[in-house]
Amino acid sequence: MSTSDSRIPVGILGITGTVGQRFAQLLSVHSQFRVVAVGASERSAGKTNAATGLTIVACDPVHFGNCKVVFSALDASVAGEIEQAMADAGIHVLSNAKNFRMDHRVPLVVPTANPHHLDALKNFNTGKGFIITNANCSTTGLVVPLKALIDKFGPIAQLHVTTQQAISGAGYPGVPSLDILENIVPFISGEEEKMEIEPRKILGPGFVGDKFVLDDTLRISATCTRVPIIDGHTMHVSLQFKAAEKPSVEDIIKCLESYSTEAQSLKCPSAPSRSIIVHTEANRPQPRVDRDLERGFAVSVGRIRKCNLLDLKFTLLVHNTILGAAGSSVLNAEIAHAKGLF
Ligand SMILES: NC(=O)c1ccc[n+]([C@@H]2O[C@H](COP(=O)([O-])OP(=O)(O)OC[C@H]3O[C@@H](n4cnc5c(N)ncnc54)[C@H](OP(=O)(O)O)[C@@H]3O)[C@@H](O)[C@H]2O)c1
């Protein structure tokens with residue numbers, strides 16, 4: 001790498017994992033960031049990381065002193081302590097782990113849903129690095145169309161979602177093949193709880209007074225399952241608006257198709273040209289066919305129709321390791337940079 005390279009030096013924590021490898025792929029060709037350090041556990045330290053050509057170091061801030069930002073794909077069992085140490089050392093952290101997501105003073109941001117929550121960081125003058133978290137992979141897919149619908153038609157009172165989640169969502173090496181091939185596992189530990197609370201922070205009013213406030217209208221019931229798909233989480237959603245007057249299916253389609261966010265208006269390099277892709281074919285979206293649309297940064301929505309019990313139902317698909325994980329962190333960093341936060 002030439003010393004005249006003016007891109008912002010960044011590090012990746014958890015480079016050996018499923019999300020860490022996706023970070024390496026997205027950042028290897030990035031116009032604003034260049035990877036100068038990669039970390040994992042002591043087990044991996046000293047090995048060469050093939051994707052970046054860098055030697056893996058332990059996740060200690062002393063090895064990341066050249067980095068302005070670190071992208072974290074750490075296992076939750078260690079993420080809290082390491083990410084806090086990085087922030088204390090003045091390094092900004094963009095995290096995929098669950099540890100700080102519900103912290104009252106940490107933004108939980110899906111870049112194509114609530115990028116405005118990043119503005120709260122302007123109020124914090126700690127002299128340390130900030131921590132920005134992105135959401136659980138399923139939550140991420142869900143909140144993008146919800147944000148579009150709430151902006152246009154007002155609060156959602158209740159929602160039921162059933163997921164069919166890909167194997168890569170369980171990390172590396174993940175679910176044993178004999179458990180998942182020709183099978184469905186109807187339980188993912190901790191996942192339903194995350195899906196039922198995280199959207200209320202993301203879709204809430206943001207930073208009010210001295211903390212992020214939760215949406216107090218939205219009630220969610222989630223059922224999460226693991227299916228034999230490598231990448232791409234599919235979700236089936238039924239929801240009810242609070243308002244007595246209900247939008248038509250045509251209104252819903254128009255709303256989702258015209259949805260646009262700050263990620264686009266700030267011209268961030270990873271922003272999709274369309275955050276939501278509406279499919280009108282009856283058998284779409286499908287993981288193998290649609291997960292890579294807009295380089296994995298879009299949410300696909302299809303099967304939009306009236307619900308006999310609530311108001312509306314639809315199926316959605318999100319690429320769980322791109323928009324659902326590493327891609328969200330990278331796009332959040334681009335937005336934070338465009339907003340002058342670093
Ligand atoms: N997979 C997804 O779709 C997805 C989506 C959203 C969020 N997330 C979250 O993102 C994070 C990473 O997920 P993943 O699926 O990539 O997990 P993973 O494949 O299990 O990778 C975990 C990473 O953490 C590192 N690690 C483990 N113990 C460590 C220690 N003591 N010190 C330093 N590094 C350590 C591992 O390094 P070694 O190889 O050296 O052990 C590995 O690089 C998790 O918090 C997960 O919940 C994942």
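Cβ atoms are placed via backbone N, Cα and C, with glycine included.
All TrEMBL annotations are machine predictions without curation.
What TrEMBL says about this protein:
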type     : residues : note
ACT_SITE : Cys137   : active site, acyl-thioester intermediate
ACT_SITE : His233   : active site, proton acceptor
DOMAIN   : 9-121    : domain 'Semialdehyde dehydrogenase NAD-binding'
Secondary structure at the residue listed as 'active site, proton acceptor' (DSSP, helix/strand/coil)? strand
To the nearest whole angstrom, state the Cα distance for the pair Cys137 (active site, acyl-thioester intermediate) and His233 (active site, proton acceptor). 8
Just jot down the residues in the same chain as the residue listed as 'active site, proton acceptor', at least 6 apart in sequence, with C-beta under 8 A of its C-beta; none if empty. Cys137, Ser138, Gly141, Thr163, Gln164, Gln165, Ala166, Gly169, Leu317, Val318, Asn320, Gly324
Within the domain 'Semialdehyde dehydrogenase NAD-binding' (9-121), count helix residues (DSSP H, G, I), strand residues (E, B) and coil residues, in that order. 34 helix, 27 strand, 52 coil
Starting from the Cβ of the residue listed as 'active site, acyl-thioester intermediate', draw a 10 Å sphere and report how many other Cβ atoms land inside it. 27
